[in-house]
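**Student:** Quick one: this structure, given as structure tokens, is what I'll be asking you about.
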Amino acid sequence: MSTLTITRPDDWHLHLRDGAAMAAVLPDTARRFARAIVMPNLRPPVTTVEQARAYRERILAALPAGMSFEPLMTLYLTDNLLPGEIDVAKASGFIHAVKLYPAGATTNSDAGVTDLKKCAATLARMEALGLPLLVHGEVTDPAVDVFDREAAFIARVLVPVLHEFPRLRLVLEHITTQDGIDFVLAHGANVAGTLTAHHLLLNRNAMFAGGIRPHHYCLPVLKRETHRQALVAAAISGNPKFFLGTDSAPHAKSAKEAACGCAGCYTAHAGIELYAEAFEAAGALDRLEGFASHFGPDYYGLSRNVERVTLVKEAWTVPAAQSYPDNDALVPLRAGETVAWRLQA
Ligand SMILES: NC(=O)N[C@@H](CC(=O)O)C(=O)O
Ligand SMILES: [Zn+2]
Ligand SMILES: [Zn+2]
């Protein structure tokens, strides 16, 4: 039986939600990852350092006894986030980035930015202090085809922003296209990108396999096979500009299996195992450790984890559903099917 031992990984893009939902999903992440960048798209969003401090404390309080996990907090960028809050955030020591959601682009993004020009003074402060901007990179213009929204956002927003703020630290989150990869490669070491396991493993056919598959619907939406191959090539390239961010995004089963279903795939239950599958399929298991455990902390200026974890090549069946609050359920990616690698206890 083959095994793979690597430095304990971190997740650089994670949705933990809040309250009972958070308590339901947090152990899946904490079992695998030492740290995670926690997304601020709660209702209401986490827009102040004080709100982030309270959210961080709720996460730590929800952690089961005996588990260690460090939540790395983020602030939600709005048109009204003042430059002074960036100074407070940087000084806090627990806020590691600011998240840009174009208003209306994705789940809980209503309070997001309507026009990035309104944030110029705040972005200037982030550039000066080296606090990264994490980006959901999709235009919301309904005239743009849903499959072209990442490329359009890069051209319309990101390239101009980096022209104005060339040293801004910027992470294009959950890259789904060759255009996204090219954008990261075309800029300096201040620009990086995260890749999800589901975008490495699935192309858009997975949303329509034998019928409509709401559990494969996320944003940015899955793209065609040529784009998936570009993401895999970047992930296994050994280029430290690309690192792991699951974008595990839990939604209740009833909210996914609906006439207007929510966007988001839940992957924390197999958060490192799914990446092992993708890297193995590409013949590059030896590149997993850099991607999952080294390049993220290096980018964020944090130390690499010391502890190690072992993955075993042994298939296991993902449960059909996990428990979720309000007598609902959570349907994880691969529900009822197998994952080829498992984490050694
Ligand atoms: N990825 C998703 O499809 N959904 C995320 C939001 C996001 O990361 O865009 C969520 O919060 O549910
Ligand atoms: Zn997003
Ligand atoms: Zn996300």
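Placed from the backbone N, Cα and C atoms, the Cβ positions cover glycine too.
TrEMBL annotations: computationally assigned, not manually curated.
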**Student:** Suppose a student reads TrEMBL and sees Lys99, His174 listed for Zn(2+) 2. Which of His136, His163, His187 should they find annotated at that same site?
**Tutor:** His136
**Student:** To which of Asp179, Asp182, Asp247 does TrEMBL also attribute binding of Zn(2+) 1 at the site defined by His13, His15, Lys99?
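**Tutor:** TrEMBL names Asp247 for this Zn(2+) 1 site.
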**Student:** Going by TrEMBL, His15, Leu16, Arg17, Asn41, His136, Leu219, His251 bind substrate; tell me which of Ala54, Ala206, Ala233, Ala263 is listed for that site too.
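**Tutor:** Site partner of His15, Leu16, Arg17, Asn41, His136, Leu219, His251 for substrate, according to TrEMBL: Ala263.
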**Student:** Give the distance between the Cα atoms of His174 (Zn(2+) 2 binding site) and Asn41 (substrate binding site), rounded to the nearest whole Å.
**Tutor:** 15
**Student:** Which one is closest to His251 (substrate binding site) in space, judged by CA to CA distance, out of the binding-site residues His13, His15, Lys99?
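**Tutor:** Nearest candidate: His15.
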**Student:** Other than Lys99, His136, His174, which residues of the chain come within 8 Å of the Zn(2+) 2 site, judged by Cβ distance to the Cβ centroid of those residues?
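**Tutor:** Neighbours found: His13, Met39, Leu100, Tyr101, Thr106, Leu134, Val135, Gly137, Glu173, Asp247.
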**Student:** Just the number: how many Å between the Cα atoms of Ala263 (substrate binding site) and Lys99 (Zn(2+) 1 binding site)?
**Tutor:** 18
**Student:** Using a 10 Å radius around its CB, how many other CB atoms surround His174 (Zn(2+) 2 binding site)?
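**Tutor:** The answer is 26.
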